[in-house]
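Asker: This is the structure I want to talk about, given as structure tokens.
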Amino acid sequence: MEKTPSYFVTREAPRRISNMSRETKLIVVVRNPVTRAISDYTQTLSKKPDIPSFEELAFKNRSQGIVDTSWNAIRIGMYILHLENWLQYFRLSQIHFVSGERLITDPAGELGRVQDFLGLKRIITDKHFYFNRTKGFPCLKKPESSSQPRCLGKSKGRTHIQIDQEVIEQLREFYRPFNVKFYEMVGHDFRWD
């Protein structure tokens, strides 16, 4: 098992992983690309407070609605482009897409689908989670091998910066055709519009 957020968007990753094993099963967590971009920016801003505004980075020309697809925070959310690259090396049936939104609202259900995809017995259920109000995320109840519950790290669950609603709408419009193609390809509507 290997985990990183960058594999799905790294051009060389599918070929390299395929060379290791053509039968690999892949799990990709996706979320609304607009929310994902804002989250990415918020995390970067916490480390580098002097960066330009979200709007400046997201658009080449905001008045004309020209989005800057060279900015990584925007490009990552164009999931269909990354998936097309992976499908040159893996069958769609080898890839399971986890809804980041449902992972928060129904972690046991979402992990149940992951267990099914992996051919595992469903052992993770609602009884394994509690909602941490401070984080705004579900956390694992205390594992048997630990005296503490397991929750997401410090960098997760922070409040996103406020973005003008018009900017959000422009980005929704930008992502819509990419999202529709992605939904059609994977056979699932994530309802990001």
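Cβ coordinates are placed from backbone N, Cα and C, and glycine is handled just like the others.
TrEMBL annotations: computationally assigned, not manually curated.
According to TrEMBL, the protein carries these features:
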DOMAIN    18-176  domain 'Sulfotransferase'
BINDING   R31, S39, K156, G157, R158, T159, H160  3'-phosphoadenylyl sulfate binding site
DISULFID  C139-C151  disulfide bond
Asker: So of C139, C151, which of the disulfide-bonded residues has the fewest other Cβ atoms within 10 Å around its own Cβ?
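Answerer: C151, out of the disulfide-bonded residues C139, C151, has the fewest neighbouring Cβ atoms within 10 Å.
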Asker: Please work out the mean pLDDT for the residues of the domain 'Sulfotransferase' (18-176).
Answerer: 92
Asker: What residue among the binding-site residues S39, T159 has the most other CB atoms lying within 10 A of its CB?
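Answerer: Most Cβ neighbours within 10 Å: S39.
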Asker: Determine, to the nearest whole angstrom, how far the Cα atom of T159 (3'-phosphoadenylyl sulfate binding site) is from the Cα atom of C151 (disulfide bond).
Answerer: 16
Asker: May I ask which residues of the same chain, at least 6 positions away in sequence, place their Cβ under 8 angstroms from the Cβ of H160 (3'-phosphoadenylyl sulfate binding site)?
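Answerer: In sequence order, the residues whose Cβ lies under 8 Å from that of H160 (3'-phosphoadenylyl sulfate binding site) (at least 6 apart) are T35, I38, S39, T42.
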Asker: How many Å separate the Cα atoms of C151 (disulfide bond) and R31 (3'-phosphoadenylyl sulfate binding site)?
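Answerer: C151 (disulfide bond) and R31 (3'-phosphoadenylyl sulfate binding site) have their Cα atoms 19 Å apart.
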Asker: Roughly how many Å lie between the Cα atoms of C139 (disulfide bond) and R31 (3'-phosphoadenylyl sulfate binding site), rounded to a whole value?
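Answerer: With the alpha carbons as reference points, the distance is 19 Å.
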Asker: Which residues does R31 (3'-phosphoadenylyl sulfate binding site) neighbour through Cβ under 8 Å, counting only same-chain ones at least six apart?
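Answerer: Residues satisfying the criterion: S99, G100, E101.
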